[in-house]
Amino acid sequence: MKTQRASLWLLGTTLVLCSVYTHGFRRCLISVDMNQLEESFQEIKRAIQTKDTFQNITILSTVETLQSIKPVDVCCVTKNLLEFYMRRVFKDHQELKPQILRRISSIANSFLYMQKTLKQCQEQRGCQCSEEATNATRIVHDNYDQLGIPSAAIKSLGELNIFIAWIEKNHQATSV
Amino acid sequence: MDRILHCKRERCSSSNQVYKQTLTMILKGNWASLIMWLFHALIPCLLTDGVAALPAPQNLSVHSTNMKHLLTWSPVVLPKETVYYSVEYQGEYESLYTSDIWIPSKWCLCTEGPECDVTDDITATVPYSLRVRAILGSQTSAWSILEQPFNPNSTILTPPMIEVSQDGFHLVIELEDLGPQFQFLVAYWRREPDTKEHAKIVRRGGIPVHLETMEPGAPYCVKAQALVNAIGRNSAFSQTKCVEVQGEALPLVLALFAFIGFMLILVVVPLSVWKMGRLLQYSCCPMVVLPDTLKITNSPQKLISCRREEVDPCAMAMLSSGLGSCSLGKGPGCQELASWPTGHRTHEGEAVFLPFVDKGWEK
């Protein structure tokens, strides 16, 4: 009788923990055509990256910042980074060439659509910002401020592929 | 790569437009420069005093089918003049964050027709504002803006064109190529009662896709709908198209006959064989069983009725060879007769088969 009770209790706890874990782990999916985003970026990559004069500095570092984000922080970090690009990067960058301006506009508007679709999902799931998530965002902003406009804007534009790949990994149904 | 297009008439170049706008932004804080710019911009207006202003194009509207967006407007008609048009757009991002930036359209920087394919400009699923103005030489009209911003999710999705064919026994479908934003949901089933409908996602149109290997006997039917993930909408299903394979197998009735025939053969043949066997047995090699009394054996003594003792002794004596004189009395006994070889002939030429003489001999 005692062992039965104990095993039932254990099972119950495991189920509760599992549901909590998976609830935190469940991703908000977006139906943006990521291929088109990547294509848009590829078309302007060379033009943007040649203008980037600070080769050894990074704003969205692949090794430290983005890759170390835990699944539970993904929601907050996505929200913050989208805001970062929309409010700072795209706005600060002054583009004269129409062909590059078109691609940047395409990416910016896709980000806006992403923001809208994620907002609903995030409100439902409760997008809580942990300390780590807030720290990661702050690092990105600090790096940006350090570099200064217009170099920071150009560098951030040049690192769009990193951000796009990260979004794809965390918000697409087809990715693992 | 986009080239900076120049209209056939003089001053219709896109570069001027963008540089002007950006210059405006950069010099925002600088009033003196702004005044200078305004002055330069107004010179053409001052000089062309007296010439009627070029009317702006009217009735702007967007017709969108299957994610191909076409902006149309009423043309500005001037006698003996070719009027050109310039199209610019602004996504929701620009209208929210950088509202004075208008982006020149990729294909319609300087276009003749009163329409413009803005598909390559409208890339995200957000509302886009569009504006058009007429250009005649150095004159440009005022901008005419689309009343309601256009969102590509309001596009009309038509059922896709499908071609269903058979490659031997394979069911093959080819869908129309609607571009990379389109995927297709293909439903197919065998037209028979109680069969399940199958579904398959086809990622690109324009190439033949194998659905299933068909079996003869019933037609296979196919229908498809277009899916656009970017706007989260589907088209209606296309019309159903069916194909059927003609099989090498016999039709059902013939198969039934064949089965019955086979069963008959299975039953009738052994029966007739058995019957024939019996017949043959009786006709050529009958198993006749003689009664015991009629059997010829080596010991005639068994057959002789020893009670036939009334035989004429003299006849018996004459017949016997070497038996001496005729003696009255009983004929040769059984034992004596037994000593005679069968078929013994007397000189009279009569075969002696005393045991086989019919009963009439008996006196």
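Positions of Cβ are set from backbone N, Cα and C atoms, glycine also.
Close to A:C28 (disulfide bond) in the fold, though at least 6 residues off in sequence, lie A:C75, A:L118, A:C121, A:Q122, A:R125, A:H171, each with a CB less than 8 Å from its CB. Following the DSSP three-state reduction, the secondary structure of A:C28 (disulfide bond) is coil. According to TrEMBL, the disulfide bond annotation covers A:C28-A:C121 (among others).
Under the heading disulfide bond, TrEMBL lists A:C75-A:C127 (among others). Within 10 Å of the C-beta atom of A:C127 (disulfide bond) sit 20 other C-beta atoms, taking all shown protein chains into account. In the three-state DSSP scheme, A:C127 (disulfide bond) falls into the coil class.
Shown in sequence order, A:C127, A:Q128, A:C129, A:S130, A:A133, A:T134, A:T137 are the residues of the chain, 6+ apart in sequence, with a C-beta less than 8 angstroms from the C-beta of A:C76 (disulfide bond). Look at TrEMBL and you will find A:C76-A:C129 (among others) tagged as disulfide bond.
Marked as signal peptide by TrEMBL: A:1-24.
A count of other CB atoms within 10 A of each Cβ picks out A:C75 as the most crowded of the disulfide-bonded residues A:C75, A:C121, A:C129. DSSP assigns A:C121 (disulfide bond) to a helix in the three-state reduction.
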